[in-house]
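Trainee: One structure, pasted below without further comment.
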Amino acid sequence: MNNIVHKLKTLVLNEAFGGVLLIVCTLLALLVQNGSFSEHYREFLNLKVGFSVGEFELNKPFLLWINDGLISIFFFAIGLELKKEFLHGDFKNPKNIVLPFMAALGGILIPAMLFALVNIGDAYTLKGWAIPTATDTAFALAILMMCGKHIPSSLKIFLLSLAIFDDVGAILIIAIFYTTKLSIVAFVVAGLAILAMLILNLLGITRKSFYFICSVILWISVLKSGVHATLAGIVTAFFIPMQTKNGEAFLEEIYESLKFWIAFIILPLFAFANAGVNLSNIDIGAIFSGVSIGIFLGLFVGKQVGVFLFSYLAIRFKFAALPQGSNLKQLYGVCILTGIGFTMSLFIDGLAYEVSDIFNYADNLAILIASFCSGIWGFIYLKFFTTRS
């Protein structure tokens, strides 16, 4: 029995399984939204959930609890991984940072430029310039794992490293470009919560409950401040100690304990809540609008071109080297997979257009189509057109 449980847990934590689960949740959301349960689906997402303490009240639709709350946990895990890599991992050596950093930079600049070129002159549609800059790491990794043993493991490490910088880019974009009216009082409370975590860290205190309380206060204050609440997750991660006073791995333990919940609950639930595009509301004109074309070109063309071009230049001018055991063809195949924006692109789309249906959901459909095309083409290319090395 224990062996079965262990195998199930291993399966769930496998990146490929996580990607397959996201695909299932995406298809399920599309079926439910366009079937007889569509009304229940919308009621579920719009269900108000909250609490009040005295004059303070926090009452939000369930969809916002997912997008602002659960995704903060995902960004918290990204922050933990980033801190771990910089202090004790591959990023401790500056040479290992150059290639994924340049790749991520190209994967942000080129898609954004393509989107802007298509939508130039329209201030409202230009708000979505960051939509095609994101990559859904779980999906991309899942497809890479399915491509066969001739793909070296170094490319998986490259994709994971690229994803970290890609997520940092997304965090900065959200913080700088997608904030609303700011609240000074909320910022003061957030600052006090950060100060408390800094003191806990400097004193070497590793009581999880203390950090949890501070992180909740920080999350609520950031939510009320006008800055997107997911930033609370990444900030909290930076103050988590690497180890206890006894030398036990504290940060690693927290990171490992979150993997199951992120892979099995948070990301699938996010996909189910955000991928429900109502196909009956989409018209041909909306599909060929500047926003839809910009998203498709940015994700399917811009991502692979930008990531590969900047990677090639870094290698060509000897700022970086190819991942061990790989060749340029295989590297390009991985670059194609970065066009799978899916959950992260849907997330930024919701911030850019404030979950509006002004484009008749054609923007969401463009994200799904571009992600699907990137995934299929990336798989075919890596599986059948790359040479063994």
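Just so you know, glycine gets a Cβ as well, placed from its N, Cα and C.
Heads up, here are the entries from Swiss-Prot:
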- 12-32: transmembrane segment (TRANSMEM)
- 62-82: transmembrane segment (TRANSMEM)
- 97-117: transmembrane segment (TRANSMEM)
- 128-148: transmembrane segment (TRANSMEM)
- 157-177: transmembrane segment (TRANSMEM)
- 184-204: transmembrane segment (TRANSMEM)
- 220-240: transmembrane segment (TRANSMEM)
- 260-280: transmembrane segment (TRANSMEM)
- 282-302: transmembrane segment (TRANSMEM)
- 331-351: transmembrane segment (TRANSMEM)
- 365-385: transmembrane segment (TRANSMEM)
Trainee: Which residues, given as numbers and ranges, are at least 6 beyond the ends of the transmembrane segment (365-385) yet have a Cβ under 8 Å from it?
Mentor: 26, 131-132, 136, 139-140, 143-144, 146-148, 151, 275, 277, 279, 282, 287, 291-293, 295-296, 298-300, 303-304, 329-330, 332-334, 336-342, 345-346, 349
Trainee: Are the transmembrane segment (184-204) and the transmembrane segment (282-302) close enough that 3 or more Cβ pairs fall under 8 Å, when only pairs 6 or more apart in sequence count?
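Mentor: These two stretches do not touch.
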